[in-house]
Amino acid sequence: MAADNSSSDPHAPGPQLSVADVVIVAVYFAVNMAVGVWSSCRASRNTVSGYFLAGRDMMWRPIGASLFASSEGSGLFVGLAGSGAAGGLAVAGFEWHATYVLLALAWVFVPIYISSEIVTMPEYIQKRYGGQRIRMYLSVLSLLLSIFTKISIDLYAGALFVHICLGWNFYLSTCLMLVITALYTIAGGLAAVIYTDALQTLIMVVGAVILTVKAFQQIGGYEQLAAAYAQAIPSKTISNTTCHLPRADAMHMFRDPATGDLPWTGMTFGLTIMATWYWCTDQVIVQRSLSARDLNHAKGGSILASYLKMLPMGLMVMPGMISRVLFPDDVGCVVPSECLRACGAEIGCSNIAYPKLVMELMPTGLRGLMVAVMMAALMSSLTSIFNSSSTLFTMDVWRRLRPRAGERELLLVGRLVIVVLIGVSVAWIPVLQGSNSGQLFIYMQSVTSSLAPPVTAVFVLGIFWRRANEQGAFWGLMVGLAVGAWRLVLEFLHPAPPCGHPDVRPALLRTVHYLHFAVALFVLSGAVVAAVSLLTPPPAGVQIENLTWWTLARDRPSGAKTGDGPASQKHAFWARVCSLNAVLLVCVNLFFYAYFA
């Protein structure tokens, strides 16, 4: 089967869309727009809280679905399946590890954020540490990361999928999704984003389940996958090398700390630091939890999202591995000329694993469903980024430039920022087309490991250590930025060598895994924060009131009911339900880790 498909050109126009495919895609867009318009009309959009935080009246189900959908952009669909095809199961740890930090978000971080009555994460930092320079730095850093990593990766992967599957013009498909996404984001604010995310989560899960079932029907079952993956070797290889061989530890989650591509030490400690930044301090994610009507709904949303985050192992990673088994000459190619033929990138074609599976296995009609799934993944991620970036710029940058700006002006600026983001995104497409598609997932993780740990250190110390002050936080961020940027520059100047070439990169890149580097950078930044804080005056007591775990007001305005009435009893009951579900969730997560260890 692989030989029969090895000569196909994914960049040529895909199969002709049937009437059923066209109808499914059209219905998806129509329903998506209808949900966006309905939620826009339903929500209050004429106040800052209504537009940016959905009036703080969201229930746990749409919050959980939105948390999941916001993190499952098209870049993750393509990237997880591609990494699964290239290296096996361990990449699923990036998804499963979210369980613990999502629980930390709801039980630790959100109570403090609600108590501090903030809208953005940099706003919390400004309240906690004082001054404006840290808040401005974090706002600008978040905006840049959104444009050049989140938006760029999702746009490239989503457009690549549609281009390969349907043969649509790359620019046309990208611009169409951008415009439709931006329309209801501009119109409805966070409420529209969360409700459309809930719809798109359903579409993503249903479509991915159908593809996974059909993929396993082709291969047999899990044991057959393990045996077949070990033999998924392309017909053309590079002599005297082993890069064409599947990893011996492909079916294991925990890998050697020194030789593993995803060492267990890095996946345990380094990933925790990076995941804490993403799930507990990143505006895109935290904004959803801040929209909850009370703390129980925030907890319920985190629990639902954590359960959903268990799915990508079976819905993305394993299908990627099956794709390599079925199409080893394309997905598993190692010879540069063969890879160039298969996907247009000399370094490898693992990122075509998911779209290749869709095109070869899905029948007419269902192929249109999978196109809708990828559009859902892309648009969910983009709506989240657009709305959160708009919030950051409006609340942290524009209000700083124009402190007397009224609500009408802030809302107008928030909508205009989305238009600017669209322009930057479209202008970035040629750069994405020239980038190395084989490095998308690694690129995203490397950037995160170099820039996120200092931010995590500042948030964690700010919440748990009352002595941390503004001078310590600022210099911790600056030192961390300098060291992280140094490694990033080295990575861009010295990319990983292709198969068959010696690794002559600097020792920092050759011997220190990016997940291990994240740990070192976190420790360094935290040490600088602590040292400078101890050498300078402590923050005043009023400055940390309601802003740290130890000074948190227990009567915080979280929507919690007090007293002995029915409302209070109901609130206490659901608080216990959330806690029991959290314990059950951790047990399920640990079981899966142990099973695939």
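All positions are counted from 1 along the displayed chain.
Backbone N, Cα and C define each Cβ position, glycine as well.
What you are looking at is a predicted structure, and each value in this text was computed from that prediction instead of being measured.
The topological domains that Swiss-Prot gives for Glu72 and Arg467 carry the same name, which places both on one side of the membrane. With helix defined as DSSP H, G or I and strand as E or B, the topological domain 'Extracellular' (323-367) counts 30 helix, 0 strand, 15 coil. Simply put, out of 101-121, 302-322, 368-388, 445-465, 368-388 has the most Cβ pairs sitting under 8 Å from the transmembrane segment (411-431). Assigned with DSSP, the residues of the topological domain 'Cytoplasmic' (287-301) fall into helix, strand and coil as follows: 11 helix, 1 strand, 3 coil. Taking pairs at least six residues apart, the transmembrane segment (151-171) and the transmembrane segment (577-597) share fewer than three Cβ pairs below 8 Å and do not count as touching. Per-stretch counts of Cβ pairs under 8 Å to the transmembrane segment (445-465) identify 101-121 as the leading one among 101-121, 202-222, 302-322, 577-597.
Among the recorded stretches 74-94, 202-222, 266-286, the one sharing the largest number of Cβ pairs closer than 8 Å with the transmembrane segment (101-121) is 266-286.
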